[in-house]
């Protein structure tokens, strides 16, 4: 009897533990199942009654089609290339200015539109609204493009705007002359139809976005600050409509960027006394630096999936997946660690999981028989929204762990603030409505931009910055961005014009309709 007492207590205790565990698992499974069945974040717009519905319509006829394609091709043929901050094709930028004035005569002659050049080559438009009490918004795009050479493997010369199978090929067709020309073409058509906006708005075209926008966008911001301008929201380039790109997703998805990853360029260097290769020291400057770089690559930044805007992206798309993926993505509060481990296996999805680390330059040595005195490496990091620039620098120091390696920040900035994307978010909901009116089968979701745009300079003028254009990307198209064979279909460019035509009118409402979402708080 003395032995059975303690055994009985142990068995009873284990039963309680196991029972509690099973009850907890059952409760979590029940909550997750309810959330999976009820979560549909895209129903609100269809149920809402919008304040203004009688918009002008744009049905592009043959003459307009020829006109808008001629204007667009003319823009692509001008090589507005930015090579560096100090090497920009200013001759091409002046030619582009002349093209805009010729292509959009109504825009440049309208009493409603005020235009000015900024920093000689960037453009700022103010379109006056009839109700000054409505807070203005801003549409952004950029004129410059990255370099491109036909010998790289282009199917058509990169500044030819040549048509192949109903696609227009050329540098800038995606990034970002389609937005530049699409915005002004839509405004041209609106003004020709006698349209006068209720809500005033700005249009800004930077000329040096590809080299950080320090002359164009920064000076536009400076002017607006001097004038005391505050904006309801900003819409810039960034994300797109993905069709067949996300494996397992039923139908296309329009991702609206609500933030951008931060960025840092860090220089690592090792200095030693030079010597002859016949009498090498135990460790050379190259060896020390190579070991430091290896430690950085073998010890990636911490996994942060689910702690930034990427969580909203996956939850918005969850209902368009089949089980069990739908179950997992509807419940990232429970499955974030598991999904993060899966996503980090591929470079393109690893970018959603953490701050990425890429060694991009390694310099050392001048002669084969001389041990170099100096070895340098440059590391580019794209900072996750849940981290700061300083936290990343601290982690680099703790990972390198070698006093002989000098670590310097060349330049960098924190991740951009996260813009609102709920049903009370004016800018997000206007963009979302405009997308769904044009493409009813598309799923709209907030997203995160891995790269950076001119819009980052505007964060003091508004709390809501969005990065999106309705450019359709199919598998493989993302590689054309800054790559070879950049292109856009003629149909898709027309859709951009119609999108901005409708967006401008949709912004004329004073208030958003009442929310009718089925999003729950489980």
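A Cβ is built for glycine as well, from the same backbone N, Cα and C atoms used for every other residue.
Here's what TrEMBL has on this protein:
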type     : residues      : note
TRANSMEM : 12-32         : transmembrane segment
BINDING  : 142, 175, 236 : Zn(2+) 2 binding site
ACT_SITE : 144           : active site
BINDING  : 175, 210, 482 : Zn(2+) 1 binding site
ACT_SITE : 209           : active site, proton acceptor
DOMAIN   : 258-403       : domain 'Peptidase M20 dimerisation'
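Residue environment of residue 144 (active site) contains 29 other Cβ atoms, counted within 10 Å of its Cβ in all protein chains. Break the domain 'Peptidase M20 dimerisation' (258-403) down by DSSP state and the numbers are 58 helix, 36 strand, 52 coil.
Rounded to the nearest whole angstrom, the C-alpha distance between residue 236 (Zn(2+) 2 binding site) and residue 209 (active site, proton acceptor) is 12. Around residue 210 (Zn(2+) 1 binding site), taking its Cβ as the centre, 24 other Cβ atoms fall within 10 Å, counting all chains. Every protein chain considered, the tally of other Cβ atoms within 10 Å of the Cβ of residue 175 (Zn(2+) 2 binding site) stands at 23. Those same-chain residues not listed among 175, 210, 482 yet with C-beta within 8 angstroms of the centroid of the Zn(2+) 1 site C-beta atoms are 145, 146, 176, 481. Take the mean position of the Cβ atoms of 142, 175, 236, the recorded Zn(2+) 2 site; other residues of that chain with a Cβ within 8 Å of it are 140, 141, 176, 179, 206, 209, 237, 238, 453, 454. Between the alpha carbons (Cα) of residue 175 (Zn(2+) 2 binding site) and residue 482 (Zn(2+) 1 binding site) lies a span of roughly 8 Å. Set side by side, the binding-site residues 142, 482 differ in how many other CB atoms lie within 10 angstroms of their CB, and the most is found at 142. Cα-Cα distance from residue 142 (Zn(2+) 2 binding site) to residue 209 (active site, proton acceptor): 6 Å (rounded to the nearest whole number). Cα of residue 210 (Zn(2+) 1 binding site) to Cα of the residue listed as 'active site': a span of 7 Å. With a cut-off of 8 Å between CB atoms and residues at least 6 apart in sequence, the same chain places 82, 142, 144, 176, 216, 217, 453, 454 near residue 209 (active site, proton acceptor), listed in sequence order.
In this model, the domain 'Peptidase M20 dimerisation' (258-403) carries an average pLDDT of 93.
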